[in-house]
Amino acid sequence: MSAIIDIHAREILDSRGNPTVEVEVRLESGAFGRAAVPSGASTGAHEAVELRDGDKARYGGKGVLRAVESVNGEIFDTLSGLEATEQVAIDSIMIELDGTPNKNRLGANAILGVSLAVAKAAADELDQPLYRYVGGTNARTLPVPMMNIINGGAHADNPIDIQEFMVMPVGAETCADSIRMGAEIFHALKKKLKDAGHNTAVGDEGGFAPNLKSTDEALGFIMKAVEAAGYRPGEDVLLALDAASTEFYRNGRYELAGEGKSLDAAGMVAYWQDLVGRYPIVSVEDGMAEDDWDGWKALTDAIGGSVQLVGDDLFVTNPTRLSEGISRGIANSILVKVNQIGSLTETLEAVRIAQSNGYTAVMSHRSGETEDSTIADLAVATNCGQIKTGSLSRSDRIAKYNQLIRIEEGLGRARIFPGRAALKRG
């Protein structure tokens, strides 16, 4: 009864007003699954390929009708009649059908949309929540959120070089409480910024995007907001940063234009050592550029013993690149974005490799999101303990937090909220 009888894709809009792919899968039993594919702004060069139309007369070339056609044509013809519960086989068939190393023929956006919608349909068939279907009976760890409350870099039109300034409410007793704490800090920050004469417009991920002069100024405002909300920085609330360093890496140097600094790899490592020494920063994502492996090694050797060093553009949720990084002793954590690799099976494999090698994993959104809340379920399914899904505004971000609240309620007394322990590596 779990045989696939229909797969239908359409072009919808994401949170930035750009087209993306939505896929619906229907099974013989009547079970149904729907998934929408996210899209990034600061994308890694090694990511799977999002298939765009390139027709400048339509959505500025960003249309996804070719990807939609891939789903409604070749992919449906190939998967029709197969059992939706055979996720690994279905994903493998689509990858083989595409026939390229980076999914550029059918499009990672096409393959991922089908992959996630199939999983949702199978969960519906078995009358299980998605996190339980994917993760089994042991899926019960709620993630600590990394909440991006000040946006810079490619996510905002301001001078700040660092892309994301995040708070982690580790002192909460439940996931719902951590979300409440984050919301209180968010509103306290808004007041602090307004009182100082700064604008409180928000960036792509719902965080504020004020015209601040430096990383220090941004961190200073966040520290004051945490205290104004009644919490202790370094105890109740920890800080995390996403540098997206590849975005300002030019000719072997890190060009921090907003701060007027031009640093070599050693200088960039020293920059991070200074910051983590002065603020309760426990996690730095993409602290070095995606292909600066020597720089990454130096950073890991310098602060990796005490700071979570997350590879996003570095690893692009790719099991092969992650395995190489592990063998070279680079970073100690992976950011997990389903659309970077383009299938549920490969995403879960990346998390498995990370966790089995003592690396942490952080489930993540993209800057271009939809109301789809799949990543909330995947965070719980993988027991990864951390999630990055934006600030406390914009419904495309809040949808994930609300789903976590529902999941926690459904788990009842079985739920685990790790708090600070989420940062501990195996």
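The backbone N, Cα and C atoms fix where each Cβ goes, glycine too.
S367 ((2R)-2-phosphoglycerate binding site): 24 other CB atoms within 10 A of its CB, across all protein chains. If you look up Swiss-Prot, you'll see Q163, K337, R366, S367, K388 marked as (2R)-2-phosphoglycerate binding site, on the strength of sequence analysis.
E205 (active site, proton donor) falls outside any helix or strand according to DSSP and counts as coil. Per Swiss-Prot, the feature active site, proton donor maps to E205; the stated evidence is sequence analysis.
What Swiss-Prot records for D242, E285, D312 is Mg(2+) binding site. A strand conformation is recorded for D242 (Mg(2+) binding site) in the three-state DSSP classification.
When secondary structure is read from DSSP and collapsed to three states, K337 ((2R)-2-phosphoglycerate binding site) falls in the coil class. The C-beta environment of K337 ((2R)-2-phosphoglycerate binding site), restricted to residues of the same chain at least 6 apart in sequence and closer than 8 Å, consists of P38, G40, D312, V316, T317, S364, H365, R366. Per Swiss-Prot, the feature active site, proton acceptor maps to K337; the stated evidence is sequence analysis.
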D242 (Mg(2+) binding site) and Q163 ((2R)-2-phosphoglycerate binding site), Cα-Cα, nearest whole angstrom: 6
Nearest of the binding-site residues (D242, E285, S367, K388) to E205 (active site, proton donor), judged by Cα-Cα distance: S367
Euclidean distance between Cα atoms of D242 (Mg(2+) binding site) and S367 ((2R)-2-phosphoglycerate binding site), Å: 13
Entry from the recorded positions list E205, D242 having the most other CB atoms no farther than 10 A: E205
Neighbour-count leader, CB within 10 A, binding-site residues: R366, K388: K388
